[in-house]
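Chemist: Submitted below is the structure of interest, expressed as structure tokens.
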Amino acid sequence: MASPKMIRSKRSTSSIASKNSLNSYLASSLMSHDSIFDGPGLGTSIPSSVSSFHHQTLRPSSDASVSQFSMDYLQSEYNLNRYNDGESIAASRDYQSLLRDNGSGVYSDEEEITEMMLEELNIHPVLRRESVGEAAGLSEDGCCQILYLVEEDLEVGIAGYKTNKSRYRLYQAICLLTLGLAYLIFRWLPKYFIRFVGTREPLATADWLTIETQWGELSKLDIQIQPYENSLSSIFGASIRVAAPEGTENDPFIENFRYVNYRYMKLIFHPLLDRFLIQQDWKDPRWIRDTSVVKEGLERDAINDRLCIFGENLIDLELKSVSQLLIDEVLHPFYIFQVFSIILWSMDSYYYYAICILIISVVSILGSLIETRKTLRRMREMSRFTCPVRVYRDGFWTSISSTDLVIGDVFEISDPELTIFPADALLLSGDCIVNESMLTGESIPVSKIPATDQSMKELFSFSKNIPASLCKHFLFSGTKIIQVRKPFVNEKEEGASLAMVVRTGFNTTKGALVRSMIFPKPTNFSFYRDSFRFITAMFIIALIGFVFSSINLLTLGVPIATIIIRALDLITIVVPPALPATLTIGTTFAISRLRKQGIFCISPQRVNVSGKLDLISFDKTGTLTEDGLDIMGVSVIEGSELGDLRSNSGNLCSKDLLSNDSPSNLLYTMATCHMLRYVDGELVGDPLDIKMFKFTHWSYSEENFLNKKMSSEQAEDAAYVRTQQLIPPTVSPPWNSPSNNYTESDLELGIVRTFEFVSQLRRMAVIVKHGKFKKMDAYVKGAPEIMPSICKPESFPANYQEVLDYYTHNGFRVIACASKQLENCTWAKAQRMKREQVECDLDFCGFIVFENKLKSTTATVIRELNDARIRTVMCTGDNVLTSICVGKRCGMLPEDGYVFLPRFDEESESADEASRQLVWQAIENNEIFLDPHTLRPNVDFADHEPVSIELARLKDFHIALTGDVFRWLVDYAPLNVFHHILLKAQIFARMSPSEKNELVSCFQNLNYCVGFCGDGANDCGALKAADVGISLSEAEASVAAPFTSKWFEITCVLDVIKDGRAALVTSFSCFQYMALYSAIQFITVSILYTTNSNLGDFQFLFIDLVIILPIAVFMGRSRPYHRLAHKRPTANLVSKRILSPLIGQIVLICIIQYITLRIVRREPWYIPPPANSSDTNITNSDVTALFLISCFQYIFIGVVLSIGPPYREKVWRNYSFTAVVVVLLILTVKLIRLQNHKNFFMKLFQLTPTSKSFQNFLIFAGVIYYLLAASGQNYIFISMTNFISHLNNRLLNRRTKVSKKLYKRLFADLQNEQV
């Protein structure tokens, strides 16, 4: 890194984010050893770089998702006032104005630029210096602050500390005196270490910081000091304007700055604000000027400054050394507990068992170490990307490594060796086509065009969320370059395509994706929370057993030391160290199965959540229906009405090229109004646009033919083209000339200007030049609903709505086209025209009609989801009538059911927004309406026969909403009415990306566990907001969703749900099995302790390694059941459905072991334990009988808990598990049949001889136990619990239990009202 110099430029820049496509192995990397103890995680944060596809809102809670935390904890912990707007200063949308004092300046040589910037962006000061503390969540003593990290959707508390030397020395002494035990405790409980050795200190003078998230994750970071001799404003840029206290300089010269690196984000201390800020909103004042200024590049001093502030442009994950990984692994509580257990067993003379467990632990540590190291290295290799780039610095072009790029650097993207963007950048010249599938899941290539002067101002003004208008110029780090077109300079020379770096390193989109992988958010899924509560309860039981065993052994005269060892041994039995690891068994197998089916998961904890889905929302086009629509034909105006469909484009074009008739304009619209590009000899772009263009049979060219022919006759236009370096594509008809003698260039249409499709506007437009004529036209295509607002009323045919309704009712997709002549429009004027000027006063041309085919699997999947009582809804940007038709064809709506479509009452149009009225009219019958207040059908059945059929159909009506109505309902409808609508609405059409996101949140507010399946950039926000998002994309890992399917079929939804349910059931089964295994062994050992006996060394080994380990692993390999059941599996570990059978099984285990003990003691060959012996007794009939019968219990309880249908296949279909059970049963019977006390295995297992009749009894008792355990698990225990619960409710006169889910309660209320 270059050292800073004394004299530096005061220009500023900004930092942002880079992102690369990570492969499917990332899923397994999240399953690393530590994760099973650190708790579940989920990478759900969305980088700001793609937030233009995402409505930035905080997610509401749902049963399965991370509930939005209350800041009460952080406020109380750090004694802070939370800022009012929910964002820190660094995150505020008014970031540029928050701290600017009226009339005070910060810059000297940049004052004019900054004032112009603030004036043009209409930015006004909001807070003065004295209000900074409250606004920023700063404590009164300056020791703490709260910071909202928008990209991570994370709010953290930051506190400053200094080390108290005397208490630190005391801490060291305590660690020595306790032989390291205190060190381990403080290591596992870092809060207590911080409170013990640290003293609160203002952030300005602190030596180290603690940063704590709302999830309780704590980090201790040393403050670094970076030498830096320059002004403060050069670090924080023009974004922050601070009014300094009287008598102090508001832009001081500093010699160094203080910072910490938190999760690969740099937090720099601002001395005037007394708080740490993230360097992600840094803006260069030059960006407010035009692009020509930016193209001048940077000077050496500015480069050194920015390297110093932002660091290298490199995503370099810290790779821990082998010794660090080994220490972290060995000092984990799991292995410390193992070491404690091994020492304990050795002291109790269980040497063989202790040695085996030690070997297994060492192998496990080494295996985990190797796997973790390999995973980290692979992730580092894939996230780390460097390449040579040509950059313009100090007035010269030079080649440097991409790691040396800094914000503001101008580099060439047309370099053939550049295939992936090394940083987030803004396109300055030329255009390009990129693949952004790893960001949005959108498999369609995206076109990028050069930024304008207005774009530069928008770049300066945006904070965290990149506006949609800027995305067309924005090049995201890690995205692949498909094609780059160089700008036009002259007929013999092409220019270079240039881009300016905007964000570097971990601040890029790629960096945000990597961070979301390595720092996943915890999920609030109740299973994980309950499982650790259950472990705590088992530990308490172990303590109770400890006390009773100690008292019993004491009465038998056993030495105190032996009593302590034996009693502590009970704790290792009741709380087996491997118990937490069983939580991941089902998830691991599920992820492996999904990967084989082409479904990749970057968030393993979402697998179990998918098993609880209540509602799935689908996008339509490309998800439910085919992406590549077939064009049916076009309908053009004939006279005063729209005519029949024309399936051939040959008769649309007039022989007079200057004519302005409807058919010709429709043809020109289809030929030009698109964003297609040629890549490797093939057209790429939106499939709908490709179908539309191919229908015209015109040809597309990017060879600049038009520009070469125009210079002689249109000098002004030619000069402008060369100045602006424009390369417009051209399209040509399939014939050489109609009937007139036109040259080839006369027939060309040059696409002079393109206004790309915007979801909110639902249209796109182009400005087109006709050959060598001066004639220029504007052509627009978009949703039919928006045409009345941009077209002349008199241009619409009389049957406009009738024709539109006909096609949409029948499921066709309709695109409307319009055009107008641009009078006296030159090329230069066309480039300066605003979109509003082009898209107004248009003449309607006609309709393009596409056939909206369902995908072959859509109807089957929807039917299976409906059969499983998983609600399905459609959320699309398409026409509402088309969507309703598709919904009926796929089974989302009943074919003969009523669908009501609300629209705004025309009489209330003039009223204020909140007072507008909705008219709820049935699509199938214009005479049937819903009452706007009760949402009940309001119809007179006098004319409708038969009445019973009409009533039945109306009782089960559904609702379809459009985006504008949905927005009004969210803002103004009464909550109870809105909830009622959400319960009945199945179709949501004309929804913008932000409205899709908000719809998911609304469903989550009703306690639905929501899934969303989509395929494009418009779905990105909804995919992230949903509890389970499934993106249909070719990319293996996408930031768009936790799940990515490379197959463009919604069958992946069924696969995810089935495997999620199977994984959830497997997790419960494995956990219950480990719990009952502990219970069986605890009961056995507790009974034996009454006679100072215990199991033998190899008996413990046989149970733990030969029986338990294979069963626990292989019982999780059961595949999901082929059909979805109506009822979802429970996710509550402490529910009666789980606890009742568990308690019943424990009682049954006790009874079987007690009966076995009573019978063996009555046998004439019974060998009792030695009386009054202080040594451990192993070789006696009590131990032999209980060991053998418990072996059957370990095996059979595994079979009982290996649940089959309706969530998993039948247990015998799990062939590996079946084989293990059979082998173990054979081994157990063999041990029972041993007779000769001289037999090797008799001696090894320290067994005593038994009679033939008793052996038969043990086998019979094992079979009886299995039958009782199986029937009890499946029928008896639950039935008994339900009966007792019902009887208790009757006696206490309690009401029936009310569902915790709001939507279920609302449905019940609706049914009661209908009755």
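Just so you know, the numbers here start at 1 and follow the chain as drawn.
Here the Cβ of each residue, glycine as well, is placed from N, Cα and C on the backbone.
Per Swiss-Prot, the feature active site, 4-aspartylphosphate intermediate maps to Asp619. Among the features that Swiss-Prot reports, Mg(2+) binding site is placed at Asp1015, Asp1019, with the record citing similarity to another entry. For 1-139, 191-324, 370-531, 587-1072, 1118-1135, 1204-1216, 1275-1315, the entry in Swiss-Prot reads topological domain 'Cytoplasmic'. The topological domain 'Extracellular' annotation in Swiss-Prot covers 162-167, 552-564, 1092-1099, 1160-1180, 1237-1253. What Swiss-Prot records for 140-161, 168-190, 325-347, 351-369, 532-551, 565-586, 1073-1091, 1100-1117, 1136-1159, 1181-1203, 1217-1236, 1254-1274 is transmembrane segment, and it gives sequence analysis as the kind of evidence.
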Chemist: With Cβ-Cβ distances below 8 Å as the criterion, list the same-chain residues six or more beyond the ends of the topological domain 'Cytoplasmic' (1275-1315) that contact it, or say none.
Modeler: 63, 614, 955, 979-980, 983, 1005-1008, 1136-1137, 1140-1141, 1143-1145
Chemist: So among the recorded positions Asp619, Asp1015, Asp1019, who's got the most Cβ atoms within 10 Å?
Modeler: Asp1019
Chemist: Work out how many Å separate Asp1015 (Mg(2+) binding site) and Asp619 (active site, 4-aspartylphosphate intermediate) at their Cα atoms, rounded off.
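Modeler: Cα to Cα, Asp1015 (Mg(2+) binding site) and Asp619 (active site, 4-aspartylphosphate intermediate) are separated by 8 Å.
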Chemist: Mark yes when the transmembrane segment (351-369) and the transmembrane segment (1073-1091) have three or more Cβ pairs under 8 Å (sequence separation 6 or more) and no when they do not.
Modeler: no
Chemist: Can you check how the pLDDT averages out over the topological domain 'Cytoplasmic' (1275-1315)?
Modeler: 78
Chemist: Against the transmembrane segment (1254-1274), which of these stretches has the most C-beta pairs under 8 Å: 351-369, 1100-1117, 1136-1159, 1217-1236?
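Modeler: Most contacts with the transmembrane segment (1254-1274): 1136-1159.
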Chemist: Spell out yes or no: are there three or more C-beta pairs under 8 angstroms between the transmembrane segment (1181-1203) and the transmembrane segment (532-551), with each pair 6 or more apart in sequence?
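Modeler: They do not touch: fewer than three Cβ pairs between the two stretches lie under 8 Å.
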Chemist: Give me the Cα-Cα distance between Asp619 (active site, 4-aspartylphosphate intermediate) and Asp1019 (Mg(2+) binding site), rounded to a whole Å.
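Modeler: Cα of Asp619 (active site, 4-aspartylphosphate intermediate) to Cα of Asp1019 (Mg(2+) binding site) measures 8 Å after rounding.
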Chemist: So, in DSSP terms, is Asp619 (active site, 4-aspartylphosphate intermediate) helix, strand, or coil?
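Modeler: Reduced to three states, the DSSP call for Asp619 (active site, 4-aspartylphosphate intermediate) is coil.
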Chemist: Do any residues, 6 or more residues outside the transmembrane segment (1217-1236), come within under 8 Å Cβ-to-Cβ of it, and if so which ones?
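Modeler: Contacts with the transmembrane segment (1217-1236): 1106-1107, 1110-1111, 1114-1115, 1117-1118, 1188, 1191-1192, 1195, 1198-1199, 1202, 1211, 1242, 1245, 1247, 1249-1250, 1255, 1258-1259, 1262.
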Chemist: Write out how many residues of the topological domain 'Extracellular' (1237-1253) are helix, how many strand and how many coil, based on DSSP.
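Modeler: Reading the DSSP string over the topological domain 'Extracellular' (1237-1253) gives 7 helix, 0 strand, 10 coil.
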Chemist: DSSP says what for the topological domain 'Cytoplasmic' (1275-1315): how many helix, strand, coil residues?
Modeler: 31 helix, 0 strand, 10 coil
Chemist: Looking only at DSSP and grouping its letters into three states, which state does Asp1019 (Mg(2+) binding site) belong to?
Modeler: helix
Chemist: Give the residue counts of the topological domain 'Cytoplasmic' (1204-1216) per reduced DSSP state, in the order helix, strand, coil.
Modeler: 5 helix, 1 strand, 7 coil
Chemist: Against which stretches of its own chain does the topological domain 'Cytoplasmic' (1118-1135) lie, if we need a Cβ under 8 Å and a gap of at least six residues from its ends?
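Modeler: Distal contacts: 63-64, 525-527, 530-531, 533-534, 593, 608, 611-614, 864-865, 867-870, 1054, 1057-1059, 1061-1062, 1064-1066, 1068, 1071, 1202, 1204-1209, 1211, 1213-1214, 1217.
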